[in-house]
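Just below is one structure, and these are the notes that go with it.
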């Protein structure tokens, strides 16, 4: 069972429950050698740091003394680990040696027998440089083994959860097919396999595309494991693309070669021995100087170096979790991807997939938008803004430029004549910023350095396309000046209230429909904060309809506002339909759980304001969705939406 607690980009801070044991994602599974004598780092330390580990059932199966202990005492006793144990099936050995001495059903039976929490099918790992015919043939065999494994588990009543590995080599359409076919089977976790050769060759662009083409066709309610990814420099990008689990033998393998892991690369201990101290504060690096560690006996040096590598690995996972909570995962990704040019290729290629990525990125975040480089232009916040500009119902448009020194929000720093013209400011990062919505996230909540000329020109094509699309409504400067001069001479009673006009446009941008018609615009009133002077509420007959949330200026509905949205928005827009059995809980303002969701607006994005209705479209409650439209229909565990209030009968 998997649920999402927090999110940013496509990264998910979640919880997996397996056999009553919980794993917080994203996380790393240290690779544990099934032979305790060959394990580099003590299991006492592993037990303190890890919620889940991965070991090899094939080595256990083919080593008589290990097999005997595992079959009599269980895998947890064999490796001395109390929490979740995942096992590989021999697929790695198959990829290296071309053959294994075990059948697909034998290894499933064995994994169940030794008490594995999560087993793995014996798939056919297909490297990146094989022919398409070979990749297709291997994939067909993997599908057969997968189907047989699921059938075996069901027929035998096995309790172990199963990994269903996604294959397809470098052929993206085969990765899509693999994800689609495997996704329809009842697997618990979906590893993306055979990417280690790509990572070893620094082919990170291909790694990113393999992940995304797999994710697009996998069920959203199951965790995704990037098999063989153990270097911390790759974690941030991989999490941002939707990977939840990683496994690392790198902490031990690198140590054996004298390699010292960092979050943004690898150093060699022999090259560090003349440094006064390590660039790390873990226990090992605090107790030893580089020279002291380098001069230790080889076995002890390897053990301590592996402990450092493991510490750095978990530290990066913790850093990513915090970034998800704070809403600045993209900034961390951009920082990490500048640690190697090939990794930057991986970041750049994802702009091709922004339509898919945007669907998973929250509409608002705790942190502002920080521009860290040209790649920031392709972030989902900007992509979404450009898409949602078309939600605004324009009558007259004036497009203008402002000085680079003009502070944001523009509307508070420009002498703009209040009128019914939508004034749009050309913006180097966001393309066009309508003054009436420019306090909304992320248009005002951003920090951008001085840009190079080529960066300033990035949005020229977008602005030209917008102007062409709305050519009939765009006023030139002479017409605009004439119009506002004429408008300014109107009687006060004939003028539109600029605050109400502004809120109307903000509602269009946020909800995609005209919420305030002409009749309502004459009745509603705005209320400004006594402290800041900014608009804080929209009221109808002294009753609050909407509150402008301080951190992002989103319009948050009160009860009457929810009723207004329900009236103005056509079904199923901004709705979640729930089962009749939980109607009373919704009316009482209790959270909506995923298993009770029957239908929804498929275009919902994470953290949007939503209306909770029954199958007759009767408004029951209102709140915030944690999941997007697709996830709402696929998740069957955890909270789907938190509620702000309910409507009593």
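Using the three backbone atoms N, Cα and C, a Cβ is placed for every residue, glycine included.
In Swiss-Prot this protein carries:
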ACT_SITE  88  active site, nucleophile
BINDING   123, 194  substrate binding site
BINDING   280, 282, 285  Zn(2+) binding site
DOMAIN    573-648  domain 'PUA'
Listed binding-site residues (194, 280), ranked by Cβ neighbours within 10 Å, top entry:
194
Return the residue, from the listed recorded positions 88, 123, with the maximum count of other C-beta atoms within 10 angstroms of its C-beta.
123
Could you give me the DSSP helix, strand and coil counts for the domain 'PUA' (573-648)?
17 helix, 30 strand, 29 coil
Which one is it, among the recorded positions 88, 280, 282, 285, that lies nearest to residue 123 (substrate binding site) by Cα separation?
88
Surrounding CB atoms that lie within 10 Å of the CB of residue 285 (Zn(2+) binding site), all protein chains:
20
For residue 282 (Zn(2+) binding site), what residues in its own chain, 6 or more apart in sequence, show a Cβ-Cβ distance under 8 Å?
307, 308, 311, 312, 315
Identify all same-chain residues not among 280, 282, 285 whose C-beta atom falls within 8 angstroms of the centroid of the Zn(2+) site's C-beta atoms; report them in sequence order.
278, 279, 281, 283, 284, 286, 308, 311, 312
